[in-house]
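Read the structure below first, then the notes.
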């Protein structure tokens, strides 16, 4: 009986030692139970060996699936037992009608961003065009002002020249001019000789009376001579000439 009791005691001791799976928290060498991997899910060990205390696991679900539960698990002490922070997550399939709204929202956001970008570009383009038009207007205004100044200066110059010419051509009242037309004077002997030759030709012409011939003018070499060219459109003054006689230049000698 004593032997049987000792045998039972020896068998009971190893059983009790083998039954202790988790050591005391002071050892910090416990392990967490293995997790069951959910269907269509993957996990990644971020820290630890996958079961020891301090291990961190991250779960992921494929596309068109939604994770139910926490995707980040940590092996920690809870009293004297090492356990995971939460249960393993589950990947749930998302129906198509639920993803349709998400897709529509994404497309709408993209379209709105494109519209905003286009409007901003159009605004910038309009601003640039306005700046270019303003610069062109300024240049045209400057050129117009310059041309107007040049025209005013030219007009003043022309008016001054016209007024000076008009004053120069204005007839002077006096006994030396008989008609309002162009005349020239000279006091050289050469002009006197030319006038004498003209007088001889006039004297030789039988159709011209002697009253028009020059007398004594060729003898003075310093005599001032003025020749008047009568206007052919105006009739000559009646000084002894017949109406049927041809009009010829009249020569006068001023002593």
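Cβ from N, Cα, C; glycine included.
Note that the structure is predicted; figures quoted are calculated from it, not measured.
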Where does the N-linked glycosylation site label fall among 27, 141, going by Swiss-Prot? 27
Pick the one among the disulfide-bonded residues 32, 61, 75 whose Cβ has the fewest other Cβ atoms within 10 Å in this structure. 61
Rounded inter-Cα distance in Å - residue 75 (disulfide bond), residue 61 (disulfide bond): 21
For residue 91 (disulfide bond), the number of other Cβ atoms found within 10 Å of its own Cβ: 21
